[in-house]
Amino acid sequence: MAEHTEETNLLQPTSRFQLLKDILGLYPAIDGEKHKSTLGTAGWLRAGVLGANDAIVSVAASNSQGQVLIAALAALFAGALSMAVGEYVSVASQKDMEDADLEKERWELENNPEGELEELSLLYQERGVDPVTATEVARQLMAKDALQAHAIEELGIRDFSQARPFAAGMVSFAMFITFGCIPLLVGAWIPYRWYAIGAITGVSLILLAISGAVGAFFGGANMLLGAFRVTYGGALAMAITIGVGFLSETLNISDMSYRDE
């Protein structure tokens, strides 16, 4: 009977704050295991994987040799710059929206602190916390860092200063150039067309698998599934791109030229 009572007590929260932690899922590590969130790596990881995959697919599908090699090299740098600028604009836009939300929240905290306290308390109550406990916890969190408390619970912004547009753009550019050079060099050193196509395709599929596995590893996901997903998607994109290229060659689109005035 004593053992049953002790076990029951262990399952009960020791304080109202502990109750809130249980409801929010803030459990301690089990058996000394340290849990590390992978959310902080999402920005640069996405930029790197996108840059690498786009480079592999774009360059591998170019089937470059001779003069086409020069065009592929130009396309490599054009694609890298395009990826870098696109990633920069995307992350910068996200950061601007987050900054605007934080500035609005900062103004509300300065001009209506009691209203913000009630708002935070209601958020906890909606998740199952009783009003007294919710108000107590909201008050304690706001006393420590009111802006952070509201940013996390109300705006869903957990990583302050994590959005780095310039860094994301540079990572995307570097990964595009690095991974794009590999199939480009393979195509440059093999003079026979079909051998080159086979070699470029094989190397590109391997690179796609590596890219997917590495991305899954840093993201804490299944590496095999990540490798398969990226390889399958990249192979499909390459097949479509090469198919369009062969269709263009069949229709002699490359022989078309602008007329002189």
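Along the chain as shown, residues are numbered 1 onward.
Backbone N, Cα and C define each Cβ position, glycine as well.
Between the candidates GLU103, GLU108, GLU136, Swiss-Prot assigns the Fe cation 3 site shared with GLU116, GLU119 to GLU108.
Feature annotation (Swiss-Prot): of 149-169, 233-253, the stretch labelled transmembrane segment is 233-253. GLU105 (Fe cation 2 binding site) and GLU154 (Fe cation 1 binding site) are 9 Å apart (CA-CA, integer value).
Between GLU108 (Fe cation 1 binding site) and GLU116 (Fe cation 2 binding site), the C-alpha separation comes to 7 Å.
Taking the binding-site residues GLU105, GLU154 in turn, the residue surrounded by the fewest other Cβ atoms inside 10 Å of its Cβ turns out to be GLU154.
In sequence order, GLU108, LEU109, MET142, ALA146, HIS150 constitute the residues six or more apart from GLU116 (Fe cation 2 binding site) in its chain with CB-CB distances below 8 Å.
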